[in-house]
C-alpha cells in the first residue's frame with residue numbers, strides 16, 4: 001500500500017466521534033504499551049489527551065533518554081536563493097510578493113560557509129525557493145561541492161526532485177532531505193498553493209519516498225501546522241513517518257513541527273496551534289515513534305524551545321537567519337519567516353548544557 | 001592471573017563501555033575511572049577532531065584502548081570505509097563493526113557484518129563484530145578473523161537484559177574467540193549473569209549513561225562484572241530441585257522407607 005492509499009483509508013474517519021469516545025483510562029493504558037497502533041497515536045492527539053500532558057511527558061522523556069540519550073544535534077539553515085515561481089498563500093517568498101530576489105554565487109556560498117563553520121557547526125541545511133531556472137539541480141550540485149569543504153553533513157530543503165535527481169545530489173554529497181508536505185489534507189493543500197509546480201500534491205507527497213529509493217541517509221518531514229486541522233495534520237505526519245520507517249528501515253526518519261508565524265502575506269484562515277498543542281503533538285509523536293528524530297526550529301521562542309528539550313527533541317537549529325546571505329552579509333534581506341529564537345550558536349549551546357544535555361555538532365561525515 | 005587477551009592485548013577489566021548518550025563528555029574520565037574499564041568504544045561519525053571541546057577523544061585517558069565503532073554503516077562497504085577513516089584519524093587498529101540497516105529496532109545485519117569482518121581482518125584490524133546471536137554467523141565471523149564476537153543480549157538501548165540467553169550460551173560453548181555480550185544489559189545483576197554464564201566480557205553503554213548517577217552506576221557495573229567472573233571461575237555449585245536430605249528414588253538402598 002502506498003502512503004497515499006494509507007492516508008486515504010482514513011478519509012472517512014469521523015474524527016469528532018472518535019475523539020468523543022476516548023476516556024482518560026484509554027490514554028493511561030496507551031502510555032503503558034510498548035507499541036502503539038495508528039489509532040492509539042490519534043488518541044494521544046485528542047482533546048482529551050491534552051489533560052494528560054504531564055503523564056505523556058514522563059513517558060516521552062523516558063523513551064527519548066533511552067533511545068537518544070541526553071543529546072541534541074545542532075544544525076543551521078543556509079538560504080541560497082529566494083527566487084520562487086510558486087504562489088503559496090503563507091510564504092514570504094511567494095512569486096507575487098515584491099521583495100528583493102537574491103541568489104548566492106558560489107563565492108558568496110563559500111563566504112557564508114566560512115562564517116557558519118566558525119561557529120563550530122558541522123551540519124548544514126541548504127534552502128532555495130522553487131525555481132528550476134534560477135536554482136537548477138546543477139546549481140545545487142555546485143553548491144554542495146563548495147559546502148563539502150566546510151561541513152560533514154549536508155541536507156537540502158528545496159523543491160521536490162525526481163529519483164534520478166535525488167541520486168545525483170546524494171552522489172555529490174547530500175545526505176539528508178527535508179521536505180514538508182505543508183498540508184496533508186488535499187483540499188487545504190489546493191487552497192493554499194494557488195499556482196506554480198507546488199500545486200502538484202502527489203509529486204510532493206511522494207518526494208520523501210523517492211529520496212529513500214535513491215538511498216538518502218535521512219529524511220525529515222512535516223506539516224506546516226495551522227494550515228489544516230492540526231490534530232489530523234499531526235496524525236498524518238506521524239503516519240507518513242511511520243510508513244517511511246517501515247518501508248525504508250535503513251533511513252533515519254525525523255519529523256519537524258513548524259507552525260505558522262507572522263509573515264508578509266494575507267493568509268489568516270488558520271487552525272492555530274498554541275504552546276500546549278505543540279507540546280501535545282511533540283509528545284504523541286515521540287511515544288508513537290520512539291526511534292524517530294524530532295526537530296524544533298527557531299520559529300519557536302528561545303525560552304519555549306529550551307523547555308521542549310527534555311520532551312523528546314533530538315535536533316535543533318542554532319544561529320539562524322532565514323534571509324539569503326544572512327550569515328555573512330550585513331545587508332538586511334527579506335526573511336522567509338520571522339524567527340523566535342535569535343540566539344547565537346554559542347548561546348544555544350550553553351542553554352542545552354544548562355538543561356543537562358550535550359550539544360552534538362557532528363553526527364555524520366562523508367565516508 | 002585471570003586475563004582476557006584480545007588482539008594481543010591483555011586486559012584485566014572485562015567491562016567495556018560506550019560513550020554515547022551522556023549528558024556531557026566531561027563525565028567520561030570519571031566514569032572510566034570508577035568502573036576500571038580498559039576499552040572504550042565511540043562512534044567514528046561523532047569524533048570531531050577539529051572541535052577541541054566536542055572531541056570525545058580528548059576525554060579518554062591515553063592508556064585506554066580505543067574501540068571505534070562503525071555506527072551509521074548500512075552495509076559492509078560503508079563499515080569498511082568508516083573503519084579505514086577511524087584508523088586514519090588516529091584511533092588505532094581496533095574496530096567494532098556495527099552494520100545496522102534497520103532504524104526501527106537497530107538490529108545488526110549479520111550477513112554484511114561477516115563480509116566487513118573478512119575485509120578488515122585482512123587489513124590488519126582487530127575486529128570485534130556486533131551481531132545477532134546466531135551460531136553459524138558467529139562461526140563465519142570467527143573464521144573470517146574476528147578477534148572476539150559480540151552478540152546482543154537484547155535490542156540496543158532497551159536495557160531489557162539477557163533476552164537471548166540460550167543463544168548466547170551456545171556461542172560461549174562453541175566459539176573459540178572471546179564472546180562479549182553487547183547491548184541490552186540494563187542492570188549490574190544482568191552483567192553478572194552474563195559473566196556467570198561464561199561470557200568473556202560485557203559492553204555497557206545505555207545502562208550507565210541513562211542512569212541518574214553514571215559515575216556510581218559505572219562502579220556498580222565494574223563490581224558486577226568482577227563478581228560474575230569470579231563466580232564463573234569458582235564454578236557455581238550444582239542446583240538441586242530437591243533438598244539434599246531426601247533421596248526419593250534411591251533411599252531404599254539405605255534402608256530408608258519413604
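From the backbone N, Cα and C atoms, a Cβ is placed for every residue, glycine too.
Per TrEMBL, domain 'Thiazole synthase ThiG' is recorded for B:6-248. Averaged across the domain 'Thiazole synthase ThiG' (B:6-248), pLDDT for the predicted model comes to 92.
The active site, schiff-base intermediate with DXP annotation in TrEMBL covers B:96. Under the DSSP three-state reduction, residue B:96 (active site, schiff-base intermediate with DXP) is assigned to strand.
Sequence-distant neighbours of residue B:157 (1-deoxy-D-xylulose 5-phosphate binding site) (same chain, 6+ residues apart, CB-CB distance under 8 A): B:106, B:183, B:206. The annotation 1-deoxy-D-xylulose 5-phosphate binding site is assigned in TrEMBL to B:157, B:183, B:184, B:205, B:206.
By a Cβ separation below 8 angstroms, chain A lies close to none of the recorded positions B:96, B:183, B:184, B:205. In sequence order, B:18, B:154, B:155, B:156, B:158, B:159, B:182, B:185, B:186, B:204, B:207 are the same-chain residues whose CB sits within 8 A of the CB centroid of B:157, B:183, B:184, B:205, B:206, the residues recorded for 1-deoxy-D-xylulose 5-phosphate being left out.
In the three-state DSSP reading, residue B:206 (1-deoxy-D-xylulose 5-phosphate binding site) counts as helix. With respect to their backbone Cα atoms, residue B:205 (1-deoxy-D-xylulose 5-phosphate binding site) and residue B:96 (active site, schiff-base intermediate with DXP) stand 14 Å from each other. Secondary structure at residue B:183 (1-deoxy-D-xylulose 5-phosphate binding site), taken from DSSP and collapsed to helix, strand or coil, is coil.
Same-chain residues at least 6 positions away in sequence with a Cβ under 8 Å from that of residue B:96 (active site, schiff-base intermediate with DXP) are, in sequence order, B:41, B:67, B:68, B:69, B:70, B:128, B:129, B:130, B:150. The C-beta environment of residue B:184 (1-deoxy-D-xylulose 5-phosphate binding site), restricted to residues of the same chain at least 6 apart in sequence and closer than 8 Å, consists of B:152, B:153, B:154, B:155, B:156, B:158, B:159, B:160, B:161, B:162, B:163, B:164, B:190. Comment: 1-deoxy-D-xylulose 5-phosphate site residues B:157, B:183, B:184, B:205, B:206; largest CA to CA distance 9 Å, whole number.
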